[in-house]
Amino acid sequence: MKFIQLKKVMTAPLNGQLVYLGILSFYLFFSFLRNTTFDPYLGSRVFNVASYVTVLLLITKFCFFDLKKNSRISLIITSILFLIAVVVWHRSNSNLILVETAFILAARNVAFDEIVKRYFYVVLVLLVLVVFFSLLGVIKDLVFVVHGRAVRYSLGIIYPTDLAAHILYLLLAHAYLNFSKLNWRYYCGYLVIAYLVKMITDARLSVLCIVLMIPILMSAKLAQKNKDSLSYHLLITYWMYIPLLAFTIFAGTYFFDAQNKIYFKIDRLLSGRLGYGHLAMDLYSVTLWGQKIVEHGLGGSSGLQIFHRNNAGYFFIDSSYLRLIMIYGIVAALVYILIMVFVSIKGVKLQVYQLTAVMLVVTLSCLVEQHLLELSFNPFLLALLANILCEKGKENEKSAFNFRKYSKDCS
C-alpha cells in the first residue's frame, strides 16, 4: 500500500504547488541553519546564494504556472510590489524582504495548509537535529548566564530567544493545522511546552505568547460555533491591533525618555528594547525606501563575546515593526502592515478563524521580536495569496485577495 502511494507521488505530474513546496523546503533548510551554530561552518555567502537562487526559482514558477492565470491588473500590482521589494533590498542590503515578497507573490494556486505542513515538518526536523548535535557537542550550545536570572541555553540556535521563537511558531503552525481537534489535552500540552521553554531559555516574551495563544484559540473556537457570541465580535476586530501596535511601538520609541519613571520601567520590562530603538532613531533617520543599518546582536559566538563584555558594543532593533520602518523604510512598512491586515481579515472572510487567531499572536510577538520577515520562523504571511480551504471544505481557488475583489465568503 505504501509502495503504491509512493509511486503515485513519484509519477504525479509536475505542478505549481509541488514546485513551490520544493523551493520552500530548499530555502527553509538554509535559512534555518543561518540561525544556528552551524553558521560559522557555512558562512553568510552560502545563505545569500541560496536566497537569490530561491528568488530566481520563484520567478520561474510564477512565469510557467501563474502568469497566464492572472488578470492584467493583478500582474501590474504584482510587478509593482516586487519592484518595491527590489528597490528596498538594494537600499537596505537585506535580502529578507526580497525573498519574503517573492514567496508571497508566488503562493498563488498553492494550498496554504500544505505550506504550513511543509514549514512545520521541515523546521521541526531541523530543530530536533540541531538540538541533538548541540547535545552531542558537534556544534556549540551557547549558554548565557545573567545575574538574577536563570541560566539560558540556546541548544544549537544562536540565541535563547530565537530557540523560544522557533518553538512558538511551530506551536502556532501545529494549532493551525489541528484547530478542529483542539481540546484541553492540546492546551495542557502547550502549557507544558511553555514551562519547558521557560526553564531552558528563560525567554519570557515568547513564553507569554505561548500562554496567550491558548485563550485566543479557545475564543476562536467559540466564534466558529456561534457568530452571535462575544468571541466572534472580538475576533473580527483582531486586524485592528496590527496598525495600532505598530503605531504604539513607533510612537513609544520615538518619545522614549530614560528619565521618565514609567518609560524606564516599561523599557526594563522589555529588556531595553525601547532604549535601543530610540538610539536607532537618533543614529539613523526614517527613510522612504530603507537604508543599511549596522547591528551587533547577542546571537552567535560574536554576540556571546559582546554579552561577556557587559553588552559593550551591542546595538540591535528587536521589534519587527521598528525594523520595517527603520531598515526597510516607510513604503515597505506600510505594505507589510497591510499584508498582515489582509491576512487577518481573510481568516474572517473565509471563516478560517484559526488564521485570524494565529495572526493576533504573531502581531503580539512582532511587537518585541524581529521574526516577521523570516520564513524559518513565520510562514503565515504566505496566506495572503495562497488557497485556503474554507470551513465547509470549499477551496478558495482565486486566493483570498485577488486585487480586484476579495474572495467570496464560505457562506
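In case you wondered, yes, glycine gets a Cβ from its N, Cα and C as well.
These come from TrEMBL:
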TRANSMEM  12-33  transmembrane segment
TRANSMEM  45-64  transmembrane segment
TRANSMEM  73-90  transmembrane segment
TRANSMEM  96-112  transmembrane segment
TRANSMEM  119-137  transmembrane segment
TRANSMEM  157-177  transmembrane segment
TRANSMEM  189-218  transmembrane segment
TRANSMEM  238-256  transmembrane segment
TRANSMEM  325-345  transmembrane segment
Listed stretch, out of 12-33, 73-90, 119-137, that has the most CB pairs under 8 angstroms to the transmembrane segment (45-64): 12-33
Other parts of the chain folded back onto the transmembrane segment (325-345), taken as Cβ under 8 Å at six or more residues beyond its ends: 81, 84-85, 88, 91-92, 94, 97, 104, 238-239, 242-243, 246, 250, 280-281, 284, 286-291, 293, 317, 355-356, 359-360, 362-363, 372-373, 380-381, 383-384, 400-401, 406
Two-stretch contact, the transmembrane segment (119-137) and the transmembrane segment (157-177), at least three Cβ pairs under 8 Å: yes
Residues of the parent chain within Cβ reach of the transmembrane segment (73-90), under 8 Å, 6 or more residues beyond its termini: 67, 97-98, 100-102, 105, 289-290, 328-329, 331-332, 335, 402-404
Chain residues in Cβ proximity to the transmembrane segment (157-177) (below 8 Å; excluding those fewer than six residues from its ends, i.e. six or more beyond): 35-37, 39, 113, 116-117, 119-120, 123-124, 127, 130, 142, 144, 186, 190, 193, 197, 200-203, 205-207, 209-210, 213, 217, 297-300, 303, 354-355, 358, 361-362, 365, 369, 371, 376-380
